[in-house]
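Features as listed in Swiss-Prot:
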- 1-17: signal peptide (SIGNAL)
- 100-121: repeat 'LRR 3' (REPEAT)
- 172-193: repeat 'LRR 6' (REPEAT)
- 196-217: repeat 'LRR 7' (REPEAT)
- 240-286: domain 'LRRCT' (DOMAIN)
- C308-C357: disulfide bond (DISULFID)
- 393-414: compositional bias 'Low complexity' (COMPBIAS)
- 414-503: domain 'Fibronectin type-III' (DOMAIN)
- 615-627: compositional bias 'Low complexity' (COMPBIAS)
Amino acid sequence: MEKILFYLFLIGIAVKAQICPKRCVCQILSPNLATLCAKKGLLFVPPNIDRRTVELRLADNFVTNIKRKDFANMTSLVDLTLSRNTISFITPHAFADLRNLRALHLNSNRLTKITNDMFSGLSNLHHLILNNNQLTLISSTAFDDVFALEELDLSYNNLETIPWDAVEKMVSLHTLSLDHNMIDNIPKGTFSHLHKMTRLDVTSNKLQKLPPDPLFQRAQVLATSGIISPSTFALSFGGNPLHCNCELLWLRRLSREDDLETCASPPLLTGRYFWSIPEEEFLCEPPLITRHTHEMRVLEGQRATLRCKARGDPEPAIHWISPEGKLISNATRSLVYDNGTLDILITTVKDTGAFTCIASNPAGEATQIVDLHIIKLPHLLNSTNHIHEPDPGSSDISTSTKSGSNTSSSNGDTKLSQDKIVVAEATSSTALLKFNFQRNIPGIRMFQIQYNGTYDDTLVYRMIPPTSKTFLVNNLAAGTMYDLCVLAIYDDGITSLTATRVVGCIQFTTEQDYVRCHFMQSQFLGGTMIIIIGGIIVASVLVFIIILMIRYKVCNNNGQHKVTKVSNVYSQTNGAQIQGCSVTLPQSVSKQAVGHEENAQCCKATSDNVIQSSETCSSQDSSTTTSALPPSWTSSTSVSQKQKRKTGTKPSTEPQNEAVTNVESQNTNRNNSTALQLASRPPDSVTEGPTSKRAHIKPNALLTNVDQIVQETQRLELI
C-alpha cells in the first residue's frame, strides 16, 4: 500500500513538471489556464507547455524562430504574446492550429517579410500587432485568412506598400496604424467598404496626396494628436510631404483640431500651414502635351511606336483613342506604357488612320492627333484574277476598357523579343548589337534594322547581310532612349514576292555624354610644337639683341666719361708738374710706395683697359707730384730721369709707339727700383739720400698720345 502511494506521488510530480515548464509560472485554475514565461532568458519555445493553455506569454526573451511544432494542438490558446524577442523567421503554417486565437503580438522583433502562409488558419484573429520590426515586404495573400481583423498595427517598419486588396476585405477593421513607414500612395477606394473604421494613422510617410475616399468624407474631426472620442473618426497624416493642389481641396474643407501639417510643394506654398492656406490657392495646372509623334509611315507587318508626352499638375494620365473612336489598352498586338507610348507590334492595313493622344488631369485635358500610314505590301493574284489578301480580322488594339500598365503576358512577349536581340555594349554615341535568334526563315536575303530616338521620331534604316551576328549602330545621341527592331527580308515561297517579318525588338538608352580628356592628335600636336619652338627662338633672338644694345649703350657712355676724366687729369698733372723735387720722407711713407708700385703694374694692361689704366696712372702721378720719395728710390729714379731727358729732346711729332715705349720703360724702371730698394732696406732704419727729379713730359705731346689711344680703343670696341 505504501509503495502504491509513493508511486502515485512520483507520477503527480512528473505530471506537474510536464504541465509547467521550468522557470515559468503556470496558473492551472480553470477556466483561465495561463503560462507566464516572460523575461526568463529563453532561447526557444518550451516544448512541454500545457496544450490546454489559454494565455501564453513569452515576451522579453531571446527566441529566434518559430517552428511548426511549437504551438501544435494548442486549440484553446486565445492570447499569444511574443513581443521583444529576436524572431527573424516563422515557419509557414506555424499558427495553423490556433483556430481560437484572438490576439497575436509580434512587435519589436526582427521580421523582414511576411510570407503567404505565415498567418494561415487564424480565421478568428482580431488583433495583429507587428509594429517595430524591419518589414519591407508583405506578400499579396498574406492577410487572406485574417479577414476578421479589428486592429492591424504595422507602424515603425520599412514598408513602401501593403496589400491594399486584402485591406479592402477587412470589413471589421476599426484601427489601422501605418505610421512611420515609407508608403507613398494609397489607392482610391481602398477604404470604401470599411464602415467600422474609427482611426487611420498614416503619420510620417511619403504621401503627397490622399484620395477623396467616402470614409474621409464622413469624418467630422481630423485628429493629429491621437486623442479621439468614441463617436468620431480620426485621421492622422502629419509629417508627410503634402503637395497642396486642387486634389487636397476636399481635405482642406474638413474640420480639424490643430494646424500642425505643412505643405512641401508647390514652391509657392512650401512651408505654409495646411489649414491656414485659403481654398483659392489650392490650384492645379491643366495638362500640356509637350512632345508627340506627328506622322509615321511603316510597312505592313512592321512595328509602329507612337509617342505622346505631357506635363501638368498633377501629372496627367495619357490614353489613346483608335481611328474607330475606341479606347486602346493592352492587347495581343498593342502595348500602352505608363509614359504615354503606344506600341503596335504588328501593323495591318486597317490600322491606317488618325490616332488621338489624350492627356487629362483634374484641371482639364489636352489632345493631339498622330497620323499613321501603313504601306501596303503586294499579294499574289489567284486563278480568278482577284487579289487575295489575308483577312486581318477586327482590330484587336481597340477595346472599351481604360488603358493601364503592361500585363504579364505582354511583359513575357516583350522579354522574349528582347532576348533575341541583346545590346552588348552601349556608349554615348554607339551601340553594339548581338543577334541570338535562329535563322529558320527560308530564303532570307538580308536583315533590316530600323530605329528612332525618343527626341526624333524619324526612322533610320540599316541593311546588313543575313550572316551577320553583330552590328554596330553609330551616330547616336547621348542620353537618348532608342527603340530598335530587326526585320527579315525574304522571298515568300507562296507569293514569290519579297516580304518582311519582324524578328525582334529592343529598347535601350545611350550613356550620358561627359566631358573627357583626350590626347591631341599627332597632326595638331606637331604643328603646335613647331609654333612653340619657333616662338622660343624668335624670343631668344630678340632678347639677345636687346641685351647687346643695352650693353653697347652702357659701354659707350662709360667710354666717353672716362676719356674726359683722363684728359682732365693729364692736363692738370702736366700743367702742375713739379720739376726737381727732393724730399726726405719718414718710414711711415713706405705704404704709399707699395701702393705706387701696384699702380705702376696696373699700367701694363692691354689696349682694352687703356682707359682704366690711364685713369689710375694719371691719378697716381698727380698724387706723387706733391709727395716726397724715400731714399731707397733715389738711384733708380735718377737713372730713369736721365733716360727721359735724352728722349725728351726729340720733337713732339714722333710716332705714337715711341711715347708708349717711354711710358712702359718708365713703369718698368719704377717697378725694378722699388723691388730692389725694398729688398735692401733694413726694417728698423730709414736712410736719407738725395732727392730725385721726375722727368719732364711735354703736356701737348702727352695729351695727343692719350687722345690717340682713346680713339683706337673706341674703334676696337666698335669692331
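Note: Cβ is positioned from N, Cα and C throughout, glycine not excepted.
Averaged across the repeat 'LRR 6' (172-193), the predicted model reaches a pLDDT of 91.
In the three-state DSSP scheme, C357 (disulfide bond) falls into the strand class.
Below 8 angstroms of C-beta separation, residues 59, 75-88, 90, 92-94, 127-146, 153 of the same chain, each at least six residues beyond the ends of the repeat 'LRR 3' (100-121), sit close to that stretch. As a summary of secondary structure, the repeat 'LRR 3' (100-121) carries 0 helix, 5 strand, 17 coil according to DSSP. The number of other Cβ atoms within 10 Å of the Cβ belonging to C357 (disulfide bond), over all protein chains shown, comes to 23.
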